[in-house]
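Asker: The structure under discussion is supplied below as C-alpha cells; questions concerning it will follow.
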Amino acid sequence: MDPVHQDFFEGGAGRERTVAANERAFQRRWIVPRVLRATGDRDLRTTVAGTPLAAPVLVAPTAFHRLAHPDGETATARGAAAVGTAMVVSMAATQPVEEIASAGGPLWFQLYPQPDLDFTEYVVKRAESAGCRALVVTVDSPVFGRRERDLRNGFTDLPSGYACENMRDAAGRVRSIAMDATAGWDRIAWLRGVTGLPILLKGILHPADARLAVEHGVAGVIVSNHGGRQLDGAIPTLDALPAVVAAVDGQIPVLLDGGVRCGTDVVVALALGARAVLVGRPVVRGLAAGGAVGVREALERLATELDLALALAGARRPVDLTPDQVVTR
Ligand SMILES: Cc1cc2nc3c(=O)[nH]c(=O)nc-3n(C[C@H](O)[C@H](O)[C@H](O)COP(=O)(O)O)c2cc1C
Ligand SMILES: CCCCC(=O)C(=O)O
C-alpha cells in the first residue's frame, strides 16, 4: 500500500494518545472464568436493531476502501457476508451503496449529518432503497480531527479517479462531506421523521448523552472515540463503557468500537455490557492484504477466538458473561 494511504488508515488525531489507549485499555483487563456451568453447545448469535448476526462483531464504518484494495467496499461487504455479520457502509465509501449491497450481506449506513437537510434526506432514502437496515449517525465529528500524519503527508483528499460515491446529488455531482457543527439533538428528532430505519448514535462517551439518546428514541448507541481520530485525549472506549451501560439501564443496546483486536477483547467488552463490538482497522488490514478473502479471514479469526474464549471463560452465549468476570489491574 502507498505509505501515505497506510498513514491515513492507521493514524489518528493529535499525538495519537487515544489511538494507543484504546488498545491498552483491553490489556489492563483480566477475565475471571467460571467453571462447570457452560454445558451444551455454544451459540454466538445475536440480534442488534433487528439485524441478526452470526457473531457479535460488526464491520465499523471506515472511509476510502478502494485505497486499500482495488475491489473496495464491495470486497469488504463480501467478506462480512461470508461470516454472517453486518457491514456499516461509510458515507465516505468509494463505491455506491447499491453496488456494495450486491454482495448480499446485511448493511447499515453511516451518516455524517449534513447542513443541507434536503440532501441529507436524499442520501438516507438512497441507503434505505439499497436495502440498508439501520442508520448509524456519527455524532463525534462537529469538526474534523487534526490528523498530523495526513497533514505531514499532504493527504487532504481522495486522489483523482476516486470519489465518495454516496455523496452524489440528484444531478450526479459529488458533494464534499461537511462536518456540521450546527447539528444538535433536534437533528436526531428530524432524522426519525424522515426514516423508519432504526437509528444508532456513534460516538457516545458520556453517560448523560447516553440518557439523552434513550430519550430521543434511538435504537442503540455506539461507545466510540472514532478510533482516536477525532478528539485526541478522549477517554478509551472500554473505560467509558460501564457508565454508559449503567445510564441506558437496558433500554437500548450499547455497542463499542476502538482497539478490539482479538477474541478475548470481545469477551471483555461483552462482559462489561456491550451487546456487540465493531472493528475498524483490523478489517481494513484484512482488505489490504487479501481483498474479500482477507476481510473474511480477519473476521473469522475473531469469531473463532471469541468462541474459544467464551468456552474457557465458562459462557455458552455472549449474554452469559457478567461484569464480575472482568477485573482491572
Ligand atoms: C481509516 C478509518 C476511516 C474511518 N472512517 C470513518 C467514517 O467514514 N465514518 C465513521 O463514522 N467512522 C469512521 N472511522 C472510525 C471507525 O468507524 C471506528 O470508530 C474505529 O475505527 C474503531 O477503532 P479501531 O480501528 O481501533 O477498530 C474510521 C476509522 C478509520 C481507522
Ligand atoms: C471525510 C472522510 C471522513 C473519514 C473519517 O471519518 C475518518 O477518516 O475517520
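The first residue you see is number 1, and the count goes up from there.
Just so it is clear, glycine is given a Cβ too, placed from its N, Cα and C backbone atoms.
In case it's useful when we look at the structure, here is the feature table from TrEMBL:
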ACT_SITE  H226  active site, proton acceptor
BINDING   61-63, S90, Q110, T138, K202, S224, 257-261, 280-281  FMN binding site
BINDING   Y112, R147, H226, R229  glyoxylate binding site
DOMAIN    1-329  domain 'FMN hydroxy acid dehydrogenase'
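Looking at the shown structure, can you explain where the listed features end up?
Answerer: Same-chain residues at least 6 positions away in sequence with a Cβ under 8 Å from that of H226 (active site, proton acceptor) are, in sequence order, T138, D140, S141, G145, G203.
A coil conformation is recorded for G259 (FMN binding site) in the three-state DSSP classification, outside any helix or strand.
Close to Y112 (glyoxylate binding site) in the fold, though at least 6 residues off in sequence, lie M91, T138, S141, I177, A178, M179, D180, each with a CB less than 8 Å from its CB.
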Asker: Cβ distance under 8 Å to D257 (FMN binding site), same chain, sequence separation 6 or more: which residues?
Answerer: A60, K202, I222, V223, S224, G227, T237, V277, L278, V279, G280
Asker: I'd like the number of other C-beta atoms within 10 A of the C-beta of Q110 (FMN binding site), please.
Answerer: 25
Asker: Hey, of the binding-site residues listed (R147, K202, R261, R281), which one tops the CB count within 10 A?
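Answerer: Per the Cβ count, the most surrounded site is K202.
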Asker: Could you round the CA separation between R229 (glyoxylate binding site) and R281 (FMN binding site) to a whole angstrom and send it over?
Answerer: 12
